[in-house]
Amino acid sequence: MLRRTFVGAAAAMLALSGSALAQETLKVGLILPMTGPFASTGRQIEAAAKLYMQQKGDTVAGKKIQLIVKDDTGVADVTKRLAQELIVNDKISVMAGFGLTPLALAPAPLATQAKVPQVVMAAATATITEASPFIVRTSFTLPQATVPMAEWAAQNGIKKVVTLVSDYGPGIDAEKAFTGAFAGKGGQVENLRVPLANPDFSPFLQKVTDAKPDALFVFVPSGIGAQFMKQFVERGLDKSGVKLIGPGDVTDDDILNGMGDVALGAITTQHYSAAHDSPENKAFVEAFKRANPNMRPNFMAVGGYDGMHLIYEGLKKTNGQGGQALIDAMKGMSWTSPRGPISIDPQTRDIVQNIYVRKVERVNGELYNVEFATIANVKDPVKAAKSN
Amino acid sequence: MLSNTADSVRASLNRRGRWKIGEIAFWLVAASTLFLLPERHLILNEIAIIGLFALSLDLILGYAGIVSLGHAAFFGLGAYAAGILARDGFADPLLGLGVAAIAAAVLGFVTSFLVLRGSDLTKLMVTLGVALVLGEIANQASWLTGGADGLQGIAMGPILGLFEFDIFGTTAYTYSLVVTFLLFVVARRIVVSPYGLSLRSIRDNALRARAVGIPVNRRLVAIYTLSAAYAGVAGALLAQTTQFVSLDVLAFHRSADVMLVLVIGGVGYLYGGLIGAIIFKVLQDVISAWTPQYWQFWIGLILVLIVLAGRERLTERVRALWPRSRGRTVDRPQPLTTTPAREV
């Protein structure tokens, strides 16, 4: 009896202190895969988000921002539970992160139900922003990065392409976007899909060898590129004259340098390269490396960095108010990110950004994706096609 | 002499069948968390579900000696059955539970004939294989399951038409706890029945059990099917309370985790799965909140220590602190010789 009274009193006190604190603290729940096969995504985003807070301070509109990092281990039902706990117990104003498409889709109904904006910093399937009116994205969509690749390939004498993608939302998006755009230009395409979890590329690469295409189009999620490259070399494809092309995930900055010379010459299209030539990016890369030795920021990091920027600026505009006001404030926002000029499309809440065509080269002894052409202000082609 | 043995067996089973104070206290504490820990209902819900899943594995591993590394096959099938049913407009949760249980039981019954061949190693491989096959089917049949993106658009109706699922997870936890408790009571009844006794004799020596006239294969098929149904219900609970199903429900680590949970809590001990689930999830929650990057290191270390220290020794310590209970366990003459750690 005594104990129960005590527990009750303690709970009441906790609840009181919680509500008192809530007035001064705005909580941002960052849900990421920090362990498991997609841990590199989580580490990059967490590092970038912390860097942003370190640079800009943790006070916005007179309120303290508290970042709560949770590890969802890359498992969707855990993501959903964590999001629910953060909303119910921690009373977060914004949830952010979401390393993979299923992980972003699982908590989407909660965002709608609780009116908590969900900032997607990584997952890249085109349809994600349609899952809830409270989702806004600062990463990219696969079709956005892929359609320019198809156009570049068609213009540069590539006639026959085999596509090899991971068999899940973004991979299928990339395959469809590339096949549609490339076939539209008169090219010939053959499609292959590999399982998302624990992929073994060798049987698929054998098929590629047999098909003798001009180029191999590859999409694998961030972090899996190194495995792919290893098997690409083991099969001798690097010496067969097959060009390696694709959206930039395969030559991810985080692991590119470890791939070695085999990656040289790979042509990719994407929205961010650590070698992007702008003062904003130089400052970002330098600060990131200083804060995280042995790490190079990749497109995940820039998604996290811009996501935090969006949250900060949105909260400034609403004076610390969350919910519908915050998501409205985020719509249409534009700024210069380390990746170049970007904006949030007010209709789709998806990102509009430049896509760069890059080639892997050795710069100062390290491998980088060096940009050599720019396609300005690309919207997500899937949603653009729907609205037309 | 014969009737004496039968009598003493009956007496012993009766004695074991009686609810002990500790057990009643366990369930009272579980029920009290509904009121005392309103902020933790989401994770408690998950604990109840994993506890039920571990209980289902215990039925075959602890009581019948069937090793399995593919128990997630039934869990996942149940989850998908309930999820798909709800997506296609049959939103009643209890209907979903029933369908999931039947689907998993059918799969369990069919695969039991594969599993009951060969040695333990063969069983491990066959169960593992069944789970892998099912996982790949779910991955490929994306028109039905949503593939690697997960099953979207599950909308559950209220339980019994009365209780809506809420965002705090209170309904979900109550629902899972009640289902787990009811199934626990059934499992408890089964293991203290003569049928449960025959299972244990099969586990300890299948050859001798056959020699005394126990239909070994039929008994094993029955318990395997029942265990599959339990796992299916656990999967359905997860699908219904999170309103989301991903390929992960069929993944190998589910089968491995549930084995781990059972080993922590104690094999061949009905509360083992439940206690293991509590220890495992609470540790995971606390440590991963403390260090999201390196929690797996600490949890690994703690698990090794728990297993090294031995559950039996840990529970003995606890009993030693409680003299009355110790007196009872030590003084009572044992009419039946059993392996001491493997009680109800």
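Here the Cβ of each residue, glycine as well, is placed from N, Cα and C on the backbone.
Copied over from TrEMBL:
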- B:20-37: transmembrane segment (TRANSMEM)
- B:49-74: transmembrane segment (TRANSMEM)
- B:94-116: transmembrane segment (TRANSMEM)
- B:172-191: transmembrane segment (TRANSMEM)
- B:221-239: transmembrane segment (TRANSMEM)
- B:260-283: transmembrane segment (TRANSMEM)
- B:295-314: transmembrane segment (TRANSMEM)
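The transmembrane segment (B:260-283) makes no contact with the transmembrane segment (B:94-116), as judged by fewer than three Cβ pairs under 8 Å among residues 6 or more apart in sequence.
The transmembrane segment (B:20-37) and the transmembrane segment (B:172-191) are in contact, since at least 3 Cβ pairs between them lie under 8 Å (pairs 6 or more apart in sequence). Contact counts against the transmembrane segment (B:221-239), taken as Cβ pairs under 8 Å, peak for B:94-116 among the stretches B:49-74, B:94-116, B:172-191.
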